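Here the structure is laid out as structure tokens; the discussion comes afterwards.
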Amino acid sequence: MLDQRLVRENPELMARELARRGLTVDLNSLQALAQQQRDLEEQRSSLQAEGNRVGKEVGLKIKAGADPKGSDVAELRQQGNAIKQKVAVLEDEERQLAAELKTQLLTFPNLPSPACPDGRDENDNIEVRSWGDPRRQEGLDEHWAIADRLGLLDSERSVRIAQSRFVTLFGQGARLERALINFMLDLHTGKGYREVLPPVLVNSASLTGSGQLPKFAEESFRCADDDLWLTPTAEVPLTSLHRDEIIPLDQLPLRYVAYSPCFRREAGSYGRDTRGLIRLHQFNKVELYWFVHPDHADEAHAAITADAEAVLQALELPYRVLELCTGDLGFSAARTYDLEVWLAGAGAYREISSCSVCGDFQARRSSIRTKDGKTTRLVHTLNGSGLAIGRTMAALLENGQQADGSVLLPQALVPYFGSDRLQPE
């Protein structure tokens, strides 16, 4: 959530930075709310000061020998009670205004970092670097065809069980999924991340804290009878691990890694990626999450991105790193690096990880702070996929396919999978 002080003190900056995202906003109503709230605060403070003065005067009169039940004291006490009632009314009005202001602020995305390149959409993203030698060869199959041939998954039975955009993995496919999850968790915990296995169901406060609500409610699955949602990413429960907490400064940075199933409606993706593992309603992902001191956010962003890249390098998968422009940033992100893995069958790069620094945006929504000397301040948060399992499997199938129909796997996976290749069953 954006800082309310921006609305009151620098609305021009807020409007200008949102315009970098391609958003034209009218802040007049927001400014009016913020000013009303400030006026009420000043009225309440003035009344409370007057109430304190009256209370002290009562004490002084009694100390000087006045009758506690006398008319002078009674009149002052009556005056004090009237002030308390007025203060209570103002506090109630303040709460209502604060709630309305917060409701409006929750709909605004994060402001882009000054370092984030300006641009309109994904066409303006900037390639930062690449790694590996992409396999460019005619006649290679896409991953869904390879998976069908090897008997790794069944989409038709999944439609019978659930609906479209679900898959059921069998045999080597299920084993490879499990191997990838364990490999990624071991790689990240070996670098000092603390492993977390969070709830798959999360409440509305958690989704609001990470930035999914209220904007993306229609893209998530909600339980009919409870205030619970299927999590779209482990970023949601990881953000709320420290909601409403003050993290001791000497504990920062906190680095977590979590495997979780993820659930998304994929609204607006009709007709795209209808086959295979690229765009599903349910998929598995290993997520990286950092809580850091604000002064260390930039170096943490480089580090979390490098940790996601390390998975691709260990799996010998060619990829490139793109810095997203302002027009392509996610809702909660201030700056993002996307990792795109090469799919040899499709002959294209596809996103497999987004590594974002969110500044204090999520921390303000979730009230996550640290104590810096005598000052309490919001922490900064970062997140990144490390990695999406299904898309990693798709890349392994397409890049490792062999002329005899088998799929050669990278050596790093052999201890987890038990073999260096997938064979037709």
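Placed from the backbone N, Cα and C atoms, the Cβ positions cover glycine too.
Record features, source Swiss-Prot:
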type    : residues                                               : note
BINDING : THR233, ALA234, GLU235, GLU287, SER385                 : L-serine binding site
BINDING : ARG264, ARG265, GLU266, GLU351, ILE352, SER353, SER354 : ATP binding site
### Task
Compile a sequence-ordered list of residues in the same chain as ILE352 (ATP binding site), six or more apart from it, whose Cβ lies below 8 A from its Cβ; state 'none' when nothing qualifies.
LEU312, TYR319, LEU339, GLU340, VAL341, SER385, LEU387, ALA388, ARG391, THR392, ALA395
#### Entry: Those residues of the chain, 6+ apart, with a Cβ under 8 Å from that of GLU287 (L-serine binding site)
THR233, ALA234, GLU235, LEU238, VAL257, ALA258, TYR259, SER260, ASN383, GLY384, SER385, GLY386
#### Entry: Env. residues of L-serine site, Cβ within 8 Å of mean position of THR233, ALA234, GLU235, GLU287, SER385 Cβ
VAL236, LEU238, ALA258, SER260, CYS262, LYS285, VAL286, LEU288, TYR289, ASN383
### Query
Do any residues at least six apart in sequence from GLU266 (ATP binding site), in the same chain, have a Cβ closer than 8 Å to its Cβ, and if so which, in order?
ARG165, GLU219, ARG279, LEU280, HIS281
### Task
Using Cβ-Cβ distances, find the residues under 8 Å from ARG264 (ATP binding site) that belong to the same chain and are at least 6 apart in sequence, listing them in sequence order.
GLU219, SER220, PHE221, PRO232, HIS281
### Query
Same-chain residues six or more away whose CB lies under 8 A from the CB of SER354 (ATP binding site)?
LEU324, GLY330, ALA333, THR336, TYR337, ASP338, LEU339, GLY384, SER385
### Message
For a quick check of packing: other C-beta atoms within 10 Å of the C-beta of SER385 (L-serine binding site), how many?
### Response
26
### Message
At a 10 A cut-off on CB-CB distances, which of the binding-site residues THR233, SER353 has the highest count?
### Response
SER353
